[in-house]
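Notes follow the structure.
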Amino acid sequence: MSGPRPVVLSGPSGAGKSTLLKKLLQEHGSIFGFSVSHTTRDPRPGEENGKDYYFVTREVMQRDIAAGDFIEHAEFSGNLYGTSKAAVRAVQAMNRICVLDVDLQGVRNIKKTDLRPIYIFVQPPSLDVLEQRLRQRNTETEESLAKRLAAARADMESSKEPGLFDLIIVNDSLDKAYWALKEALSEEIKKAQGTGQS
């Protein structure tokens, strides 16, 4: 594969993946394209269908998963999340590097495909900092917060598995984390720019 490789971003909720991704798309919008995931959860305030997620019913999503339309899917807190093949193809059709934001289960599923992306794990400096960030969102109940923190602890342990990720970024400072992300993707950015994009 001579063109730029897709990028898989993973990490616990509240680690800063979305913020890093927004910065990357603001600076390099003509090079990167975000693969919009599907979910059965309700939209949060300010989220747009087709931009942040495709918000669908469980019935629709289960039907499409059964039909083999998804690269990866997972269930978390009673909601389904997943990346459709069509969403990735839509980004690639624009000659952009496809960025996928998936959980650890999704990473393991993608490892079984022929996608060959760069795998990057974004983690908070500590679980205490993560808890603080999640509480500031005001979107979690105590029960869902406890679930997210337990999942984060497990993800941060699993991320150490040899060969699972190409890079682990500790997001203790947004600027430093963003610099590390850009540095890791510099080769792919050059490849994409070499195909006549700016």
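Glycine is no exception: its Cβ is also placed from the backbone N, Cα and C atoms.
Annotation source Swiss-Prot lists active site at R44, R137, R148. Feature annotation from Swiss-Prot assigns ATP binding site to G14, A15, G16, K17, S18, T19, N171, D172. Look at Swiss-Prot and you will find 37-51 tagged as substrate binding site. Among the features that Swiss-Prot reports, domain 'Guanylate kinase-like' is placed at 4-186.
Positions of the features from Swiss-Prot, shown on the structure.
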residue	record	Cβ neighbours (10 Å)
G14	ATP binding site	23
A15	ATP binding site	26
K17	ATP binding site	24
S18	ATP binding site	15
S37	substrate binding site	20
R41	substrate binding site	14
R44	active site	10
E47	substrate binding site	13
N49	substrate binding site	11
K51	substrate binding site	9
Just to verify a number: CA distance, R41 (substrate binding site) to R148 (active site), in angstrom, no decimals.
15
Taking the residues the record says bind ATP (G14, A15, G16, K17, S18, T19, N171, D172), how far apart in Å are the two Cα atoms that sit farthest from each other?
15
Per DSSP, K17 (ATP binding site) is which: helix, strand or coil?
helix
If you count other CB atoms within 10 A of each CB, which of G16, P43 wins among these binding-site residues?
G16
Length of the line joining the Cα atoms of A15 (ATP binding site) and R148 (active site), in Å:
11
Sort out the sequence-distant neighbours of D172 (ATP binding site) for me: same chain, 6+ apart, CB within less than 8 Å of its CB, listed by position.
P124, P125, V129
Candidate nearest G16 (ATP binding site) in space, where candidates are the recorded positions S37, K51, R137 and distance is Cα-Cα:
R137
If you count the C-beta atoms lying within 10 Å of each candidate's C-beta, which of the active-site residues R137, R148 ends up with the smallest number?
R137
